[in-house]
C-alpha cells in the first residue's frame, strides 16, 4: 500500500464541552432487607411511578470535558473508580443510554456523531465477557468477523491492485493472498480469525468451548482476550476499551496492550484504553495519557509531559514509585500530601478544579486548545473511514448467518433434545398402558377416560417445552451486546429460533402420537390419527414460541420462571378441562378464547368424538359424541377443528412477533440504579438515590459534597 501510495482510512475523534447529566429520583431510607421493609419499598416505588412523592436531583457525570484522539496513537485513560471513565468511553463510541442528558459536541473526522453510524465505525469493548458458552473460540471469532464484514477493505484492495498494475509492481504472494482473503465479505471462516487468535494468544485454545459456570471452558484471562479479539477482528478503526485488564495477570495485560500498540502504529488505528492500575511496563507502551477525576479531565496530552506538569504543580513521583500509581494517588485527598515536593512551602490540598485550571494554563493544555480550534483537515480524511450503513451484510446474508449459528447451537445441545424426546416416548408408553384400549369401550363412562387422555397429551406436550424457557433466558445478554454493535437485527435472530425448532416439535409430537394413539384406542382412521398429530404439533410449537416471548420481556431467570409458570397456569385454568366452559362465570368466559390450550382441546375432542363410532343416538336425541362434548362445553361443529388449527398458527406467529419486538425494545440491565448520598449528621441520616432509568454501564457513589459520581 505504501509503494503505490494508497492511504489507510483513519479516524480522528474530537469532543468539545462534553457534559453528561443524569436525572435521578431521591428516595428516603436504605433499610435492612426485611419483609416489612421490602413491602414498604415496593409501595413507595409504586407511588413514585404514579407521580407522588417525586423528588428529582441531577448528577453530573461528565463536566464539560474536551479532548482529541489521533490516529496511530495509543491513549491511556486513567482515573479512580466512579470518575466517569466508562461514561466517556460510551459517549465517544455513541453508546450512551438515551435517558442521560448529553450536551456538547463529538465528531469523527469532522463529521457529527448523528450524521453517521458510530457503532459500526468504532468498537466499544466493555468490562464484561459475554459470549455464547456452547461455541468455541474460533467459532466466536468467525461469526463476529462474518457479521462485522470487511468494511472498506474490498475497495482499498481493488485500488491497490489497479495501481500495482499501472506501476508494474509484483506484490509479495503471501501478503497479497492475505489481503485478498480478508477483503472477501460474508465468509463462514475468515483468515483474519487465525491472525487475531495468534496475536491474542488464543491459538492454543482455538477449538475449546468458551464455557460458563456449568460448562468447562477457557480460563478467565482467555475470555477477556476473546472479548477484545471479538471486536478487533472487524474493520473498526477506532477502539474504546474499558478495563480490559480485569482478571488478567500483568504479563497477559502487557502482551495484549503490546499487540494493540502494534495495531495502532501499523494500521493507524485510534485506540483509547481504560486501565485501573497498569504495571510500569504496560504504562510505557502508551503514547498519550488522559487523567480523569470527579468527572473532569485533569490532564490530556503526551505521556512524556505528564510528570513535568505535576512537578510544576508541586508534586513529584518518588524514584521507586510507578508512574500510573502516582497519577492515581496524587489526586486523592488521603495520599496527595506524601508527594508534595515544595517542603519549604506549606502544603494545602490541591483540588481537582485547581489541577484543571493549571492544566489549561500549561503548555500541554494550550496545545490541546489550539488543535481543537483548528478545523479538521479534510485532505487527511478517507471516504471509507466512517460507516454510514447500519448492517454489514444483506438481509438474506444476515438470516443465513443467524441460521448457521442457531443450527450449530442446536447440535451442541443435541443431548438435551434427544433426552427430551426419549422421555416423552417413555411417558407416552406408560400413558398408553394406563388408558389401555382393551379396558375401554365406546360409551359415556369411558368417554371421560378418552377426554382425560387427550387433555393429558396436551399437558405433556406443553410441559415438555419448559426447557425452552431456561435456554431462552441465557441467550439475551449476548444478543443485546451484538444487537447494540449492529451485528444483526432482532428479527434475524428470532426467525431461525422459530424455524429450526419446527422439526423438534414435529419429532416430539410424532413420538407421542405414534406410541400412544393406538395403545389408548382412539378412532383408528388414518385421517383422525394425522389430525391429532397436527394439533399436538401446533400446541408444542405454540408453547415454545410462548416461552421464548416471555423470556424476551422478563430477562431474568427468576422473573421468567414466575412469569412462564403463571401464564401456563392461566392457560390450564381457562383451557376448558379443569373448569368446563359452562361453569366459568360470564365475566371470565372471554378467557377461554384467549387460551391456546382451549383451541387444542376443541381440535382434539372434535376430532375424536365426532368420529363415526361416536354417532350412536342417546335418549336425548343427540349423538353420544355430541352429548359428551356438550357436557364439557366443547360442543362445536366439525369445521371448528380447522378454526382451532388456524388459531394455533395465529398464536404461534403472534408469540414470535412478540419475541422479536421484545428483543428490539428491551435493553440490558433495565431498572433502577442506586446511589448513596451520605451526609454527616448526628443521626447519621442516609439517603439513597435511585436513577430514573438505567444509566447504562455507569455506577458508583454520589458524594454529597461535590455532587460528583
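A Cβ is built for glycine as well, from the same backbone N, Cα and C atoms used for every other residue.
Per-residue pLDDT, averaged along the domain 'ABC transporter' (40-319), amounts to 83 for this model. Summarising the annotation, TrEMBL assigns domain 'ABC transporter' to 40-319.
As annotated by TrEMBL, transmembrane segment applies to 414-437 (among others). Remote same-chain partners of the transmembrane segment (414-437), defined as residues 6 or more beyond its termini with a Cβ less than 8 Å from a stretch Cβ, comprise 449-450, 452-453, 456-457, 460, 464, 467, 504, 507-508, 511-512, 515-516, 518-521.
Summarising the annotation, TrEMBL assigns transmembrane segment to 449-473 (among others).
Residues or ranges marked as transmembrane segment by TrEMBL: 485-506 (among others). Residues of the same chain lying 6 or more positions beyond the ends of the transmembrane segment (485-506) and with a Cβ under 8 Å from any Cβ of it are 117, 119-120, 123, 144, 147-148, 231, 390-393, 395, 398-399, 401-403, 405-407, 410, 417, 468, 479, 537, 540-541, 544-545, 548, 652, 656, 659-661, 663-664.
The annotation transmembrane segment is assigned in TrEMBL to 526-545 (among others). Long-range neighbours of the transmembrane segment (526-545) within the same chain, counting only residues 6 or more positions beyond its ends whose Cβ lies under 8 Å from a Cβ of the stretch, are 457-458, 461-462, 464-465, 468, 498, 501-502, 504-506, 508-510, 512-513, 517, 596-597, 600, 603-604, 607-608, 611, 641, 644-645, 648-649, 651-652, 655-656, 659.
Tertiary proximity for the transmembrane segment (557-579) is limited to same-chain residues at least six positions away from its ends with a CB under 8 Å from its CB atoms, namely 451, 455, 458-459, 462, 466, 469-470, 472-473, 546-547, 550-551, 588, 591-592, 594-598, 600-602, 632-634. According to TrEMBL, the feature transmembrane segment maps to 557-579 (among others).
Long-range Cβ contacts of the transmembrane segment (639-665) within its own chain (Cβ-Cβ under 8 Å, at least 6 residues beyond either end) map to 476, 479, 483, 489-491, 493-494, 497-498, 531, 534-535, 538-539, 541-542, 545-546, 548-549, 552-553, 596, 599-600, 602-603, 606-607. Taken from TrEMBL, the feature transmembrane segment covers 639-665 (among others).
Long-range contacts of the transmembrane segment (449-473) within the same chain, counting only residues at least 6 positions beyond its ends with a Cβ under 8 Å from a Cβ of the stretch, are 413, 416, 420, 423-424, 427-428, 431, 435, 440, 501, 508-509, 512, 516, 520, 522, 536, 539-540, 543-544, 546-548, 550-552, 554-557, 560-561, 564, 568, 571-572, 575, 577, 597, 600-601, 604-605, 608-609, 628, 632.
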